[in-house]
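Enquirer: In case it's useful when we look at the structure, here is the feature table from Swiss-Prot:
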BINDING   N15, R26, G200, G221, H222  3-amino-2-oxopropyl phosphate binding site
BINDING   D17, H18, R53, H58, T108  1-deoxy-D-xylulose 5-phosphate binding site
ACT_SITE  H51  active site, proton acceptor
ACT_SITE  E78  active site, proton acceptor
SITE      E159  site 'Transition state stabilizer'
ACT_SITE  H199  active site, proton donor
Amino acid sequence: MIFHANPGVIDLGVNIDHVATLRNARGTVYPDPIQAALQAEEAGADLITLHLREDRRHIRDADVRALRPKLATRMNLECAITSEMLDIACEIKPQDVCLVPEKREEVTTEGGLDVAGHFEQVSAACRQLADAGIRVSLFIDADPDQIAAAAACKAPVIEIHTGRYADAHTAEEQAAEFRRVAAGVEAGQKHGLIVNAGHGLHYTNVQPIAALPGIKELNIGHAIVAHAVFAGWQNAVREMKAIMVAARLGTRYPVPGQPA
């Protein structure tokens, strides 16, 4: 049975990358990211997100191929704009592909895609994926120029990078980054885009972001994997989904930069 708490209020995409990281750390076949994905669906995940990196540091090609036909919800495949990755995506045909920047030396994705600076390349990738029947999302910073460029690329979806909000060291810095994200959501909607968000969100900073009414979906992975060490995998997924839904439905949480 798949559990859904208030379906349609706000979607949770559970990223399974770091289940694969744990598997690969010892070169074993466990923990199985496929099993993690299916159990996440049962616990209320609205989609499964996974990033096939060029160096295959966590998710592998076989994981993507094995998972695609087993999902009851939908697959959101993150990948870089390379001919290899685009060809793999067009072969496997996930429901969604989120195009992300990628550097081999980074620990995790460090910022948004520079759509404005690589407009022709991004546009071509969007066309290739759309022609294959795949919905395209662009992972970008909450920057007006990048949002406008994403709309011009004919990408129907953007995912706003929340890393700077999540990594803020002071209350003032976090409040400023929250305002940037909120403004980015509003700008995306004005361009007619579906607006998602993610990166660095966890159990004590997700509430203000989840409360923003213009956000359709949040993609969260590392925090859920980490919390599962103590709470159990399905409990961790259920708890995150419940927090997000409560925030969207009006439960009062502190908003960065506003009085409690």
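We number each residue from 1, going along the chain as drawn.
Any Cβ shown, glycine's included, is placed from N, Cα and C.
Keep in mind the model is a prediction, meaning the values are calculated, not measured.
Walk me through where these features lie, including what they touch and how far apart they are.
Expert: Under 8 Å, Cβ to Cβ, and six or more positions away along its own chain, N15 (3-amino-2-oxopropyl phosphate binding site) finds I48, T49, L50, H51, G198, N219, I220, G221, H222, I224.
For R53 (1-deoxy-D-xylulose 5-phosphate binding site), the number of other Cβ atoms no farther than 10 Å from its own Cβ, over all displayed protein chains, is 19. DSSP assigns R53 (1-deoxy-D-xylulose 5-phosphate binding site) to coil in the three-state reduction, outside any helix or strand.
Taking the Cβ of H51 (active site, proton acceptor) as centre and 10 Å as the limit, one finds 24 other Cβ atoms among all the protein chains shown.
Annotation note: E78 (active site, proton acceptor) sits in a strand segment as assigned by DSSP.
Other Cβ atoms within 10 Å of the Cβ of E159 (site 'Transition state stabilizer') number 32 in total over all chains.
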Enquirer: For the recorded positions D17, E78, which one has the sparsest Cβ surroundings, going by other Cβ atoms within 10 Å?
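Expert: It is D17 that, of the recorded positions D17, E78, has the fewest other Cβ atoms within 10 Å.
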Enquirer: To the nearest whole angstrom, what is the C-alpha distance linking G200 (3-amino-2-oxopropyl phosphate binding site) and R53 (1-deoxy-D-xylulose 5-phosphate binding site)?
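Expert: On Cα coordinates alone, these residues lie 18 Å apart.
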Enquirer: Could you tell me which of these recorded positions, H18, R26, H199, has the fewest other Cβ atoms within 10 Å of its Cβ?
Expert: R26
Enquirer: Applying a 10 Å Cβ distance cut-off over all chains shown, what neighbour count does H222 (3-amino-2-oxopropyl phosphate binding site) have?
Expert: 16
